[in-house]
Amino acid sequence: MVSKTLPATATPPLGAPAKYTDFKTNAYIIGFSSSLYMVLLITPMITTKLVEQYSLSASAVGTLLFIEIGAFSFATIPSYFWLRRVNLTRATWIFGTTAVVGNVLSGLVGSYELLIVFRVVAALAAGSVTVIILTMARKTNNPSRSYALFLASQLGMAAIFLAAYPVLFENRSVSAIYYALALLALVCLPLAGLIDPNAYKREAAAEKAERSPVSARTSKRLDLTGAMGLATILLFYISLSGVWAFMAEIGAASQVDMTSISLGLSAATITGIVAALAATALGEHRRSNLLVLVSYVGLAGSMALLFGTISAAQFIIAAALFKFTYTFICPYIVASVAQRDTRGYLTGTINLVAAGGFSLGPLFGGFIISWSGHYVVLLTVSIILMLTSMLLAYKVQRIPTQPEGLVTEQV
């Protein structure tokens, strides 16, 4: 048996069949991201309708959303078992169809208890497809671009929903929103055939066939790097969601009028889309690491702009800069973790960590505000967490994906 070495960037010997191109994988990512992530991005629309239709209290609505987001995140855990054992195209059909059914039944039910049940069903299915999305993005030649498309498609569809809300949904029940989500998922189901169905089954077989001492040492080092990467993402999402959840309240505390607050949040939506498109266009760039670090500083700076008594213009600038920088950073830090994932499980865990951080941020933020009575402590803690995330991201980016710089192939 002859051993030879290949550069780490060489195409793996057990790569995907030629017909499964990056273009097709990205089309899959765009379609399912734009259809299955909507509930997380249009919660204000849904919250208002739920209160009107079911006469729910704020705590009841909060409980429903917490359970739904929790189910979406929990879908990651079963994926540790099935991801490397199933046909991913068939799994997408099954989970996608389940999401369609869950959304339709959510629109048909008339009780709060049944609504919770069917929202959990839809969320588990959507979360499972999201695991496939994240892990397949890792396998493209330009993961940063794929993750940017993942974000841009969500933000673009959310903007369409928000723009269409006054015309299509304002005078209808929450069922209309759930039916629209079901239709979107149904239209995207044929995209399931665009991905390599056996990508992770083939990877698992290759690992079982050969476990060299070099790969074992590499795996241990990458496990530590992966843990640092997940900590980067967790702190990032706790920090940003803790501030974003109370952004309007921070403005109102400085007597900024609601018109200016709405303008600032609208501007933030636009800059978020621009940032996602910019990250998509740049993809893996020789100055990506520098751009990410600059964006981190800009994100911390946008939080610093909210200290003290702020003007309407200051609020608008802070909100727009906040959304632009965090949306630009996200695909790069996710890609940096995914590129150091040797088995696919780490990438799937990003879904759990990101959603968990997004839930914990407002929870911690609320406690801090209640304890301190103002927003200074919240902003200070959030800036510290964001700068810690920046340092971890810098450390992760400095560690090569393969310590030896080579991949061993046995011929």
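Each residue, glycine too, has its Cβ placed from N, Cα and C.
Per TrEMBL, the feature transmembrane segment maps to 27-46, 58-81, 93-110, 116-135, 147-165, 177-195, 227-247, 259-283, 290-310, 316-338, 350-369, 375-394.
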Most Cβ pairs under 8 Å with the transmembrane segment (375-394), selected from 116-135, 177-195, 227-247, 259-283, 316-338: 227-247
Region pair the transmembrane segment (177-195) / the transmembrane segment (350-369), three or more CB pairs under 8 Å: no
Paired segments the transmembrane segment (259-283) and the transmembrane segment (350-369) in contact, 3+ CB pairs under 8 A: no
Contact check, the transmembrane segment (350-369) vs the transmembrane segment (58-81), 3+ Cβ pairs under 8 Å, seq sep 6+: yes
Leading contact stretch, 27-46, 58-81, 290-310, 316-338 vs the transmembrane segment (227-247) - CB distance under 8 Å: 316-338
Stretch with greatest number of CB pairs under 8 Å, the transmembrane segment (58-81) reference, 27-46, 290-310, 316-338 candidates: 27-46
Outside the transmembrane segment (316-338), six or more residues from its ends: residues with CB under 8 Å to it: 134, 137-138, 143-148, 150-151, 155, 226, 229-230, 232-233, 236, 240, 243-244, 247, 260, 263-265, 267-276, 278-279, 284, 288, 291-292, 295-296, 298-299, 301-303, 305-306, 310, 346-347, 350, 389, 393, 396-397
